[in-house]
Every structure is written in structure tokens, then in C-alpha cells.
Amino acid sequence: MQKKIIVYTDGACSGNPGKGGWGALLMYGASTREISGYSPATTNNRMELSAAIEALETLKEPCIVHLYSDSSYLVNAINEGWLKRWTANNWKTAAKKSVENIDLWQKILTLIKLHDVTFHKVKGHSDNPYNNRCDELARQAIKNNR
């Protein structure tokens, strides 16, 4: 039986592009693990995607994952079928432009094949303590690398 994991993720950028950080919470039963990271030159969208990638890469076996993010870019790409269309169109948008962050999207595609992942949109910077904690982790990662 696969483990059921709840994941919250967030990314932040000081300037866009600029220095960036990401944070994630992984919850299984009564256990919570916090992870975070930093990039010296990035964008907010790359940090949002990186948070999801790093969280999913942390899992050591296939799991049932409910991933919560305040990133419409991440959640809509999965739930609205953008990612499927991009891959079907050889990584081109509906406007025939190259999709940004292809390297990260390819990693996400690989990871969501390993796990049973459901993506959920949460409101950012509101009263969700888990999302707020991920935001703190992401901002702290930037601050720690100034």
C-alpha cells in the first residue's frame, strides 16, 4: 500500500529575475519535514517549480501525493492540461512560442509518472499556515545567501 503524503510548496524571488528561494513541507502521519533551497539567479516561476521538484525527489518510494501550491503557473499547467498540450506541440505554446522552463517541466513529468500526484491551488499569503511556512522557508533561503 502506497504512503499518502501531503506536500506544500512555495517559491520566492528577490527581483524577478533575481536571487530566489524555495520551501516545502512534506507531511506523513504525524511527521513533518521541512526542506528549502536557494538559487543566485532565477525567476519566481523557476522557484515554484523547483519547490515541487525537490519535494517529490525527496520521496524514496512511489507515493500518493496531494501537492498544494499557490502557483497558478504550476497547478494550471497540470490541471488545465497545458503541460500535455506543450509536450504534444513539441514544447510550443498555443502562440507557437517556446515554453519557458522546459528543463524543470521535464523533471516534473518524470516525477509525476513515479507518484500518484494530485495538484491543488491554495491562496497565497493568506491564512494557510502551511503555505505561509513554505513562504518563510523560501524567503529565509534567500536571506541566508545574501
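Every residue number used here counts from 1 along the chain in the order it is shown.
Glycine residues also receive a Cβ, built from the backbone N, Cα and C atoms like all the rest.
Lifted from Swiss-Prot, the feature list:
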type	residues	note
DOMAIN	1-143	domain 'RNase H type-1'
BINDING	Asp10, Glu48, Asp70	Mg(2+) 1 binding site
BINDING	Asp10, Asp135	Mg(2+) 2 binding site
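Structure coloured by features recorded in Swiss-Prot.
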residue: Asp10; record: Mg(2+) 1 binding site; DSSP class: strand
residue: Glu48; record: Mg(2+) 1 binding site; DSSP class: helix
residue: Asp70; record: Mg(2+) 1 binding site; DSSP class: coil
residue: Asp135; record: Mg(2+) 2 binding site; DSSP class: helix
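Most Cβ neighbours within 10 Å, among the binding-site residues Asp10, Glu48, Asp70: Asp10 holds that distinction in the structure as shown.
Counted within 10 Å of its Cβ, the other Cβ atoms near Asp135 (Mg(2+) 2 binding site) come to 20, all protein chains included. Those residues of the chain, other than Asp10, Glu48, Asp70, with a C-beta within 8 angstroms of the mean position of the Mg(2+) 1 site C-beta atoms are Thr9, Gly11, Ala12, Met47, Ala51, Ser69, Ser71, Leu74, Gly124, Asn131, Cys134, Asp135, Ala138.
Between Asp70 (Mg(2+) 1 binding site) and Asp135 (Mg(2+) 2 binding site), the C-alpha separation comes to 10 Å.
A mean pLDDT of 97 is what the model gives for the domain 'RNase H type-1' (1-143).
Distance from the CA of Asp135 (Mg(2+) 2 binding site) to the CA of Asp10 (Mg(2+) 1 binding site) is 6 Å. Asp135 (Mg(2+) 2 binding site) and Glu48 (Mg(2+) 1 binding site) are 10 Å apart (CA-CA, integer value).
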